[in-house]
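Quick look at what Swiss-Prot annotates:
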type	residues	note
BINDING	S110, L111, L112, P113	(6S)-5,6,7,8-tetrahydrofolate binding site
Amino acid sequence: MRLVFAGTPEPALPSLQRLIASPRHEVVAVLTRPDAAAGRRGRPTPSPVARLALDHDIPVLRPPKPNSEEFVAELRELAPDCCAVVAYGALLSERLLAVPPHGWINLHFSLLPAWRGAAPVQAAIAAGDAVTGATTFLIEPALDSGPVYGVVTETIRANDTAGELLTRLAESGAHLLESTLDGIADGRLQAVPQPADGVTVAPKITVDEARVRWDLPAHVVDRRIRAVTPNPGAWTVIGDARVKLGPVAPESAEPLAPGAIRVLKNAVHVGTATEPVRLGTVQPPGKKPMNAADWARGARLDASVSAQ
């Protein structure tokens, strides 16, 4: 099939790579978000998907308004049989959705109807889910509600961060997307409506929401920190400094009041609503992440300081 691939960040790359290599499909263009400012100088930088497409001499479309009449007309001229979507980053109008005969097929990183929205991987970890996965479905105007073509499951490991889990889902999801498109091309796949029960939503997590709440149980603190690692990144205020935190580990140790700090020779504990947690890495402002015990020694941290 003639395909237009819509995607923007790194998790979309395995899918685009597989479709470029597929003997059954031709990626005639890539649709991605406009270049964004990056680096200290804020220079406009192409998205990871744009860079991969350019490396393969595939035309890159970066419309600031993808639902405009001009872009709808441009897409019609490309005459795609189908559009494949992986983390494109914009809602699509009904006029745009109607252009390809086989519609727009989205790869979503959850087992729909669970965790519809922008942050399904983070939501699954924060909720303590044991299993998640990826789903291919036909895009409809309502958010992540379209009929399903296929699913693949993935176990959530005890220490998974959102970044680690997303990396695995991006790979397994790429296989699923390719097989879904193969099945559509063959006429052997029929989409199945999502069940009405079991719908949960996963809106984008803000920086404010990534602040650690030490008044929660240790296992919840652990999950919530892993859910926002690496982005947007967990943080807390210790003394007068706002620091980013890597994953933590609940400790079977003497309890501490929520936010209270215990500095040991080779560890730093912070109190929660239950047992304390041991800090892993700490990143002070303007510095690289470092071992929490090394940071505490350098900062001359003591029990008079707490995490807020």
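Every residue, even glycine, has its Cβ placed from backbone N, Cα and C.
Structural mapping of features recorded in Swiss-Prot.
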residue : record                                     : Cβ neighbours (10 Å)
S110    : (6S)-5,6,7,8-tetrahydrofolate binding site : 24
L111    : (6S)-5,6,7,8-tetrahydrofolate binding site : 21
L112    : (6S)-5,6,7,8-tetrahydrofolate binding site : 25
P113    : (6S)-5,6,7,8-tetrahydrofolate binding site : 19
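Classification of P113 ((6S)-5,6,7,8-tetrahydrofolate binding site) by DSSP places it in coil, neither helical nor stranded.
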